[in-house]
């Protein structure tokens, strides 16, 4: 009997540990080009597998000792720069595929394999071929009916965390159904798999943890991170989302339990941006936690020690970054997520010139907010340079948004960046950031220290600065008080108010408060979703400045162009592409962001704009440049529809 163990990779045959081990394009294979009999539950019935042979790369060895050369494409496209980015998702209903793992999955093991399991959607022929008779009820149903059934089930839960857990269970049971469900019901399920529900999931992660969905790299693995990365079953990784859990949303230090964030983000990379699930790797760097409640929690799953800092922290992160590049190459996208301010800026500055890195809290938030502002200008009029901006919050998000706005103003007007920054003022926990405070400011706040008298209260800053745009990134709920909103409404016919802090409990104000206190004149957007608001007979639909508009399309654009660095102009291009998707119908409803139900189309346009900028800047390595980047982006997107098995 021949079986494939984990260490037995058939490299010369193009077979490895990835979920789609054939490195030639499936679309080049005729339907019956490879004859493989599935391994039966008892390894009988002339079960066979393909193994490497010195003379014939693919040779079929049967249990009776005979062999036959498999009929394969004599010129396969092997793993490398020219292979199809999404070869394992390229097959359509009329192109059969083999559900490879490390051996041909069949029987009970096939039903336990989330990458290939179809549940009751296995047809009669597949049930015979893969020894599923008796393991499933006799009925055969479509994927569409499975989606309908799952939505009925999820809607029965009243508690959002229960819905989240049901979705995570589905992801571990049937990957394609999970993504089909999420894509088809994105507006309803996005708040379930990500903010605000993911915040509660992280807080309770130790209690609800069931099985690993990503890599946990702790101080215990120092000196061994390269080997730890190789423990992950997939090899062709294109996107990594990594956190150290120190600043999870607006909830603070959740340590190792921050893993829910990378898992959630990467689910959106696939559902919204079409990046293959097998190309995504969630990572949590566990350097301890300063959260006493977690340290004393018997169910806490992370290191029970205070956070590492200084050289100890820097060395672990450097080893991780080096190991990622060594394992996956220069074109793997590393997204930093929910790092504390003091580390987030340093990591982005340190590795931005050597790795393909992106910080969603700094750059992603900035890009989506800039898109909302550009769209809002079509309602209020003027250019960005005509407006004055006041921020409550001067951390990663606040300074990141401010810098991108200044860059866009500078680009539009040829104004020096330093002059553009003077149109933007920031308030932190000590009041307005001014020149007289510069010696005590953190380095990332210093560019925003302007000549102005000190001001402590936000409402006084509003009356003193007279902004047309008020943006909240403080992480402190209900700080846009009635007095503050009324002051904005007194200064502006249509005040622009963005309350961006997550989760909902930390939002600076609610949609209802913004519309009511501004007498229905505010142009409002938030970080977390709010229901429509009725005010004096008119229904206002609040926009959600959700980073999910930007990072999936940005990531796809970087991947499909083979970009080696992230440039600020790519973020500006993403913002402009998103703003261009807002229609007059959206404006009529008070929306400054397009509906999420069109997110895959939106992501394709963003990806195309980002890729075009990568080619323009000479940062793209995938040549030649496709003629129609939007169509190419759509072609590259992962399709969760079930495949037919031989």
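Quick reminder: no glycine exception, Cβ is built from N, Cα and C everywhere.
What TrEMBL says about a protein is an automatic prediction, not a curated fact.
As recorded in TrEMBL:
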DOMAIN    171-352  domain 'Malic enzyme N-terminal'
BINDING   247, 502, 546  (S)-malate binding site
ACT_SITE  265  active site, proton acceptor
BINDING   337, 338, 361  divalent metal cation binding site
DOMAIN    362-615  domain 'Malic enzyme NAD-binding'
Nearest of the binding-site residues (337, 338, 361) to residue 247 ((S)-malate binding site) - Cα to Cα: 338
Residues within 8 Å of the 337, 338, 361 Cβ centre (excluding the divalent metal cation site residues themselves): 243, 247, 248, 261, 336, 339, 344, 359, 360, 396
Rounded to the nearest Å - Cα separation of residue 338 (divalent metal cation binding site) and residue 502 ((S)-malate binding site): 12
Spatial neighbours of residue 265 (active site, proton acceptor) that are distant in sequence (at least 6 apart) but have CB under 8 A: 194, 241, 282, 335, 337, 360, 551
Count of other CB atoms lying within 10 Å of the CB belonging to residue 546 ((S)-malate binding site): 26
Arithmetic mean of per-residue pLDDT over the domain 'Malic enzyme NAD-binding' (362-615): 95
Residue 338 (divalent metal cation binding site): tally of other CB atoms within 10 A of its CB: 26
Length of the line joining the Cα atoms of residue 361 (divalent metal cation binding site) and residue 546 ((S)-malate binding site), in Å: 11
Neighbour count (Cβ, 10 Å) for residue 502 ((S)-malate binding site): 24
Residue among binding-site residues 337, 361 with least C-beta crowding, 10 angstrom cut-off: 361
